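Per TrEMBL, the features are:
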- 163-167, HIS226, ARG271, 327-331, 355-360: ATP binding site (BINDING)
- 47-134: domain 'Phosphagen kinase N-terminal' (DOMAIN)
- 160-402: domain 'Phosphagen kinase C-terminal' (DOMAIN)
Amino acid sequence: MAAMLRALSKPLNMAAGVGAAALGLATGAMGFPEAANDCKSKVKKAYRQFMPCMDYPDLSKHNNCLSKVLTPQMYTKLRDLQTPSGYTLDMAIQTGVDNPGHPFISTVGVVAGDEESYEVFKELMDPIILDRHNGFGPNDRHKTDLDASKIKGGKFDEKYVLSSRVRTGRSIKGHSLPPHCTRAERRSVEHIVTSALNSLQGDLSGTYYPLSGMTDDEQQQLIDDHFLFDKPVSPLLTCAGMARDWPDARGIWHNKNKNFLIWINEEDHTRVISMEKGGDMRKVFERFCRGLKQVEKHIEEHGHGFMWSERLGYILTCPSNLGTGLRAGVHVKLPKLSQDKRFDNILQAYRLQKRGTGGVDTAAVGGTFDISNLDRLGHSEVELVQQVINGVNNLIDMEKSLEKGKKIESLLPKNMKSQ
């Protein structure tokens, strides 16, 4: 891998110059054929010869965040802007244009191609962030806290909670994000992250399994463990360019105990996961914090770092994951409470969300739900995990009361909207 990266980093102008000479083309100062530069300028000119109003997407049947925010006037102002890596507004919104809505969740409809996307297209991004993150405004600032010792309680009744999990994403500074990265950037991310993971010791030491190089037995074991992620098939991801060059430079790393995992180059550069069966959320979060800090330390020792903004926290591909990027969730059995017509309002009052245990596109089976925090930005990691602990404990108390045939009015959150 190191040799390949050195080869990738060699100047390209020599090859370009040789190719140009063979074709009888002049080369510019950077070693690229002037004809190629001329083609680029013509493409740009052809793009700009149309008025922005002629390029404006039809969002009349859409219900995503993009359709709520984007206007013809905004599009006119932003269409011809691009980030230093060449990411444009049309690239950012394509997934939202191609996917009008989603039956289970409110989708965003915009993805970032690099760290600068949130600044260059802030006129679009900021209102989406405001809508998606419970009123987080342009003057607000994010905070982070990975001190697991601050958690109170955190051990659920395992008659109800089947498993606990905390995950987040991290992006490597100086590299385009998955919707826009080159093959070389993607391979560089893989090299940086796996080098850091190889330095982990003790209960965090583990093995990396590249998707393009694992054996049949390794693949089957990862399937049996439910660790393997496949080539994206969701239009939300494929229309955003997430499946390009699959499975090049994608892979899964996990420790020996299989309770600390890193996915590399899926929807984000990395997805960090701590999980285990049972209800010990405090233990899961402690391992999550410890592992994440060690990975970041090793990455920084080699001259790299995570994308971070004083205002937006950790930078990730989807605006919905800004800030902590954290999702703390449990699989919990709530067959009686989930039949109560107030269930959704109860979850909203606790700032929790529900999914089926098979993922966002699945329904709950047997009254068992994946319950997790609704917020990501503007709250610290400790605050969000504590919010889940408190909220899920209250949900379990309501379930127990309903099992005994009692009413739950006295247990309802005081800030709950009436139904």
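Along the chain as shown, the residues are counted starting at 1.
Placed from the backbone N, Cα and C atoms, the Cβ positions cover glycine too.
The 10 Å shell around the Cβ of ARG271 (ATP binding site) contains 22 further Cβ atoms across the protein chains shown. Taking a C-beta cut-off of under 8 angstroms and a sequence separation of 6 or more, GLY329 (ATP binding site) has the following same-chain neighbours: SER164, ARG165, VAL166, ARG355, ASP370, ILE371, SER372, ASN373, VAL388. Comparing Cβ neighbour counts within 10 Å across the binding-site residues SER163, VAL166, ARG355, the minimum falls on SER163.
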